[in-house]
């Protein structure tokens, strides 16, 4: 007896002789660990800032280095404002208005202006949670507002809503027409540069009517545990509310809701929509649990086993979290980790199916007579020991490969991707361990008390022992076996005859199916190669969500969208880089890092000042004809936004104006510049377009009395949140321009850099997701091959299997392009990792069984293929069905991301099922290795004697082939231990 045999026999003896003790003990252990995990607060969804940023990305480092320097400057001024602002948050609010569904008529009527006023009053006037409105850019200001300078009251653009009493009186038609005429005249002469362009649609210039308008406000909001409370008056006015799987920001098909005689769309930054709606999506896993339970009950024919399996899967999540967060100290768990719930349900079901089915197969092979009764204790030990060896190996192969596929996320620099992969891998390993520790006593209790029942409660008495009277032939023994299920009959009566059908020595159906799926794989490769980075903004919400495609909406429906929708580019000098010491890996937003300053930076010389003024001038001459530059109405395609106000902010020019003379040099320059920074008023130099972006305290970086850095800014024509493929073109164009300017600069200004106030750093993440996907595939595929080679010990089968896995991955990625026209975005990158994990399982099972057949007396490819199907066919079918149903519940989720994941999981399982059972098996039937061909010859000390006694396990297909020799004496391996002379009572 080999070491493995002795070990598994010893463990099996413990379980067989003390099944109740082991079962209760395992339950207690799982509940105790789960309770400890819950008590420690693990698995709580976290919301942290900057978690997706790539700390090694160039633009990310530029942005964070500038932020770190700016924070150092602000520390000197923080004490004055801390008491006032510590209880308030700064939030942004948008109201968009529309006449009707079709967008006809005009909003500028006395009645509709009253309706707009009543809506805005809920947030800007009668809201106790709003402390102040520092910035209010309301369309109502044009009609109801008051100018700060009475002489400018006739100019609507000079009016502000700040002093309005919110009586919402109905204006006369002549008053409304007067404002409209003024707006039209200004717009006709100035075009996109008119200050009224952001309040009207593109047709206003020709028709003097606008179907769209908008209001923007920055609010100081009182901090509250209930972030929805501040918006409740507006929600109530608009008839909006949060519900199960429904957001208050969901409107009609056009993303607006009707309110009186107008339609309204609202956005507000104070509500974390992802965190708010993640919990209902998490709750949908309950429906997955019900579906998995139903399939498990049908497949295993026992509600007791199904319930026990489901309990194990559910408790796997907190137990794995105990190791993930408690032992490994990975302090991050967010809504992306919810996906792991569905993975655990699918993979966990596959594990228990393999274990239970292997137990039944071994029992039938070893003791085919035992059907209406139970085995003896010694026979149970024998069967459970062999089940540990066969099922343990099969489950290990799939668990190890799948866990490594998810662990390959370790190469990703995106922390949420990396941690999600680690948690998934931890859950898979936990499932494997629990299946081999907890599920054996479940199987023994089921076999002894419940095998012929479907109720969930074990009986008080054990089933009678099954024995066979002397002289009973093998044929009669086989007749007593329980009838096969529908799936087994399908494989036996249809699948095997079709796949093994020969015409002229050629298996024509197997050849046809193999060629057909090979053609599908080729088209999958063709379409997968067409995948590109995202051409549009990533979609997270349902189609009627008000936050969806907001930038495109404003571009399409306003003469000139609000300048706030365009990125501000910051050019800064004096900062050499970022010191990342102290940045928390799992909470990168908690500490920005420390700026590394350029010791050579010096702006006190005339040469440096002239060079910086030259950069300020050259910003006006940057041209851009890329898709990401929204400058179609400009005579010159400048990258700088063109309006009637200043759109560039050069502090050195402002300093020169403030001095009203030449710039000083040396120590006098530093002293005068500090005086300017402390006393100059931003509003004297900039209008609405740039006033909110300029802060002389931040832009002129004095730290400890020494000038450490400076920054110039400009409003670009690049819309915020551009998709990856479009935005990176603009970034690269600007990077090339910057490199050209750096050369002529003096040595004191060589640290010149730029950032897009967070816009460009998002593209670092996009690049990393794409690189991470291909890196993960590059790691997982060779690992899969090594695992397959190790489990099968056959080079030919391992090559066939890894080619099948590759075909599955490419077919799924090709499906994303051919059927859905998706790009390679965040969802697809995450799905790519899931695809690798799922696509391996079924192929590994069949490959392992095909090679395992050799040790059971099967030498030809036909016999080995039949052996694999008869042992694993129904198990794979049940596992695929369970995983698909578990994933399909995500079709009901709120987030479009989860709906996409549901589709990708179902498609992955479909391709994995088809390619493993049809393509892979067809290839094995056509050209699978026979006898010893392709097997690795391992040293005896390595191979061991694990298969020496396996010939004692005779699968039912061997038994059927031996019944033809019924007249011959039974072979030794067909006999059982002990006498079979007592009939079942």
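Here the Cβ of each residue, glycine as well, is placed from N, Cα and C on the backbone.
Proximity of distant same-chain residues to the transmembrane segment (21-43), defined by a Cβ-Cβ separation under 8 Å and at least 6 residues beyond the stretch ends, is recorded for 14-15, 311-312, 315, 317-319, 321-322, 324-326, 333, 434, 437-438, 440-442, 445. TrEMBL lists 21-43 (among others) with the feature transmembrane segment.
The transmembrane segment feature in TrEMBL is assigned to 277-297 (among others).
When the domain 'SSD' (300-445) is classified with DSSP, helix, strand and coil residues number 123 helix, 1 strand, 22 coil. Taken from TrEMBL, the feature domain 'SSD' applies to 300-445 (among others).
Listed as Cβ neighbours of the transmembrane segment (304-323) (distance under 8 Å, sequence separation of 6 or more from its ends, same chain) are residues 27, 30-31, 33-34, 36-38, 40, 42-43, 289, 292-293, 296-297, 333, 340-341, 344-345, 348-349, 352, 356, 423, 426-427, 429-431, 434-435, 438-439, 442-443, 445-446, 450, 455-458. Positions annotated as transmembrane segment by TrEMBL: 304-323 (among others).
Residues or ranges marked as transmembrane segment by TrEMBL: 335-355 (among others). If you look at the transmembrane segment (335-355), the same-chain residues 6 or more away from its ends with a CB under 8 A from one of its CBs are 45, 274-275, 278, 281-282, 285, 288-289, 292, 295-296, 299-300, 305, 309, 312-313, 316-317, 387, 391, 394-395, 398-399, 402, 416-417, 419-420, 423-424, 427-428, 431-432, 435-436, 439-440, 443, 830, 834, 837-838, 841, 845, 875, 878-879, 882-884, 886-887, 889-890, 895, 898, 901, 905, 909.
Annotation comment: TrEMBL describes 420-439 (among others) as transmembrane segment. Remote same-chain partners of the transmembrane segment (420-439), defined as residues 6 or more beyond its termini with a Cβ less than 8 Å from a stretch Cβ, comprise 23, 26-27, 30, 308-309, 312-313, 315-317, 319-321, 323-324, 328, 330, 333, 336-337, 339-340, 343-344, 347-348, 351-352, 355-356, 388, 392, 395-396, 399, 402-404, 406-410, 412, 830, 833, 837.
Annotated transmembrane segment per TrEMBL: 508-528 (among others), in sequence order.
Panel annotation: around the transmembrane segment (769-789), residues 397, 400-401, 404-405, 408-409, 411-414, 417, 533, 795, 797-799, 801-802, 805-806, 809, 824-826, 828-829, 832-833, 836, 840, 843-844, 847, 936 of the same chain, lying at least six beyond its termini, place a Cβ under 8 Å from a Cβ of the stretch. Positions annotated as transmembrane segment by TrEMBL: 769-789 (among others).
Sequence-distant contacts of the transmembrane segment (795-815), counting only residues of its own chain at least 6 positions beyond either end whose CB sits under 8 Å from a CB of the stretch, comprise 517-518, 520-521, 523-528, 531, 777, 781, 784-785, 788-789, 828, 831-832, 835-836, 839-840, 843-844, 847, 850-851, 904, 907-908, 911-912, 915-916, 919-920, 923-924, 928-929, 933-936. As annotated by TrEMBL, transmembrane segment applies to 795-815 (among others).
Marked as domain 'SSD' by TrEMBL: 796-926 (among others). Helix, strand and coil counts from DSSP across the domain 'SSD' (796-926) read 117 helix, 0 strand, 14 coil.
Residues or ranges marked as transmembrane segment in TrEMBL: 822-840 (among others). The list of residues near the transmembrane segment (822-840) in space but at least 6 beyond its ends in sequence, with Cβ under 8 angstroms from a Cβ of it, reads 336, 339, 343, 346, 398, 401-402, 405-406, 408-409, 417, 420-421, 424, 531-536, 538, 723-725, 766, 769-770, 772-773, 776-777, 780-781, 784, 805, 808-809, 812-813, 816, 883, 897, 900-901, 904-905, 908-909, 911-912, 915.
Residues 245-247, 274, 277-278, 280-281, 284-285, 287-288, 291-292, 295-296, 299, 335, 342, 345-347, 349-350, 353-354, 487, 539-543, 826-827, 838, 841-842, 845-846, 903, 905-906, 909-910, 912-913, 916-917 of the same chain sit 6 or more residues outside the transmembrane segment (876-897) yet have a Cβ under 8 Å from a Cβ within it. The transmembrane segment annotation in TrEMBL covers 876-897 (among others).
The annotation transmembrane segment is assigned in TrEMBL to 904-927 (among others).
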Same chain only, please: residues at least 6 beyond the ends of the transmembrane segment (277-297) with a C-beta under 8 Å from a C-beta of the stretch. Say none if there are none.
45, 244-245, 247, 303, 305-307, 309-310, 313-314, 335, 338, 341-342, 345-346, 349, 352-353, 454, 878, 881-882, 885-890, 892-895, 898
